[in-house]
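One structure coming up, written as structure tokens, with questions to follow.
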Amino acid sequence: MAKGEGADQYSNNSLLTNKPVNPDVVKLARKREQCDRLSICNKLCYAVGGAPYQITGCALGFFLQIYLLDVAQLDPFYASIILFVGRAWDAVTDPIIGFMVSRSPWTRFGRMLPWIVFSTPLAVVSYFLIWYVPVIEDGKVIWYLVFYCLFQTLQTCFHVPYSALTMFISEDQKERDSATAYRMTVEVLGTVIGTAVQGQIVGMANPPCILAPGDNVTTEGLNSSLLLEQEVNTTVISPGITLDQTKTAYMIASGAICSIYILCAVVLFFGVKEKKESSRPRSELMSFWQGIGLVMGHRPYVKLVMGFLFTSLAFMLLEGNFALFCCYTLGFRNDFQNILLVIMLAAMLTIPFWQWFLTKFGKKKAVYIGTSSVIPFMILVVCVKSNLIITYMVSFAAGVGVAAAFLLPWSMLPDVVDDFQVQNPDSKGHEAIFYSFYVFFTKFASGISLGISTLSLDFAGYRTRGCTQPENVDITLKVLVSAAPIGLILIGLVLFRSYPIDEERRQGNRKLLQEQRENEADSETDSTELNNMV
């Protein structure tokens, strides 16, 4: 829709308001407006529900690759298969769960909340078993593949309804944007908790590395506090931490995260009331391919998803390889968990700033400035000689860009759904489809990127639990955390140039939706009066 065309649409529709004012309609509209307002407690309880996804996602994103390689001691090829298949399966389940949610009947607890409650117990069990090393050596690959895929499916049963719940806590855009800002702040806090719990517990029991023939490494060369070991007749002898202790540390960390997961689900269920949709009948249920046609036929949605697809890929690629980069390229094997924590703390602290920025200057400007702000620090971290203080400074600055990457997609998706409703007023009940397909595209692409990155390390000659790595591994890690993410971010920013929903169109959609609701309220009032007369 062109800008002038949109302006005409809004001005023409505004003529609809020039009609006699019905006092009952005004009273009903005021009552509806009061119901749409959310208390701080409501927003906080809603926001808490986003923490489990980020806590587990952060732990898996930062630590699963290094866990599979150095603790479970899988071959990089098999580790890449697990990461790719798990993410790909996770992506496929999103639209499927989205359709199932959209077809769910309304209950006294809502349509979204029951999915969240019933998926939580099974999700925490499967998550815990991901971090357990089975005794049977030949069954490791199947074990991790099954429980990783199972957890991703159950996590989808939690997250897709939770994401779509944004549209059902309030009909007011400002209230939804405010609740989304609360949610993003808590979700970034979730990444901090995930990084802190997993990183600090596991960091106290780093797996001992193995010296390869020809290695000439001192304790100072391995960050001084690292305990070295020697390989004698294929048996690793370590005077310090053993591999079994490291395995136990991972299980303790996963148990702590599972407890937090359950607590957040309970707070969400008891602290949030899901509002029922309009009394108008929902649209006819559609098939999977009809759903694809629906979302792909709405151009603003396609452009938004494509832009965030590339920028999200950039941050996921950085996330998946940063632990290995800190350990082997920078040489901070015992400090990487603290570096990750600094990034997430910086992101959490700057979420309120980006919420203020997008409110003041618009969401498109926030995308350009927020996402591109991380590029200089991605360049700096690979160009400056390894220095712990500089790495901490760069990590804090990079966290500012990470905050924008967290907040903006979820803040802009409701705008696209509103735009769709304005253009298709008779099409109802498809919110979960829009949210699930967005997650589908990002997860599927991230699965491909993680699989390719792990395979790249395999081709470069990555040595499992090696105290040092070949030069090709060092170069590959630099590409994976700097050059590749920067290229993906630039592509995403170019795609955002054609995203059509600016502030004028967004405000126009808000007015049109308000008029639609007032007309519905007017119809409901007339119907009630007619029934009373009869």
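Yeah, the Cβs are placed from backbone N, Cα and C, and that goes for glycine too.
Straight out of TrEMBL:
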TRANSMEM  77-101  transmembrane segment
TRANSMEM  113-135  transmembrane segment
TRANSMEM  141-169  transmembrane segment
TRANSMEM  249-272  transmembrane segment
TRANSMEM  304-331  transmembrane segment
TRANSMEM  337-354  transmembrane segment
TRANSMEM  366-384  transmembrane segment
TRANSMEM  390-411  transmembrane segment
TRANSMEM  432-455  transmembrane segment
TRANSMEM  475-496  transmembrane segment
COMPBIAS  510-520  compositional bias 'Basic and acidic residues'
REGION    510-534  region 'Disordered'
Under 8 Å between C-beta atoms and at least six residues away from its ends: which parts of the chain pack against the transmembrane segment (432-455)?
65, 76-77, 79-81, 83-88, 90-92, 94-95, 97-99, 101-102, 112, 156, 159-161, 163-164, 291-292, 294-295, 301, 305, 308-309, 312-313, 316-317, 320-321, 409, 413, 416-417, 420, 480
Any contact between the transmembrane segment (304-331) and the transmembrane segment (337-354)? By contact I mean 3+ C-beta pairs closer than 8 Å, pairs at least 6 apart along the chain.
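Between the transmembrane segment (304-331) and the transmembrane segment (337-354), contact is present.
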Have the transmembrane segment (337-354) and the transmembrane segment (141-169) got at least three CB pairs under 8 Å, pairs 6 or more apart in sequence?
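In this chain the transmembrane segment (337-354) does not contact the transmembrane segment (141-169) - fewer than 3 Cβ pairs sit under 8 Å.
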Sort out the residues at least 6 away from either end of the transmembrane segment (113-135), same chain, that have Cβ-Cβ distances under 8 Å to it, and list them.
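Residues 49, 56, 60, 64, 67, 71-72, 97, 101, 104, 107, 143-144, 147-148, 150-151, 154-155, 157-158, 160-162, 165, 247, 250-251, 253-255, 257-258, 261-262, 265, 268-269, 272, 274.
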Restricting to CB pairs under 8 Å, which listed stretch, 77-101, 141-169, 249-272, 390-411, 475-496, is in contact most with the transmembrane segment (366-384)?
390-411
With a Cβ cut-off under 8 Å, give me the same-chain residues at least six positions beyond the ends of the transmembrane segment (141-169) that come close to it.
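Long-range Cβ neighbours of the transmembrane segment (141-169): 38, 42, 46, 49-50, 52-53, 56, 64, 68, 72, 74, 78, 81-82, 85-87, 89-90, 93-94, 97-98, 101, 110-113, 115-116, 118-120, 122-123, 126-127, 129-130, 134, 175-176, 179-180, 183, 265, 268, 272-277, 410, 413-414, 417, 431-432, 435-436, 439.
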Based on DSSP, tally up the residues of the compositional bias 'Basic and acidic residues' (510-520) by helix, strand and coil.
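Each residue of the compositional bias 'Basic and acidic residues' (510-520) counted once, the result is 11 helix, 0 strand, 0 coil.
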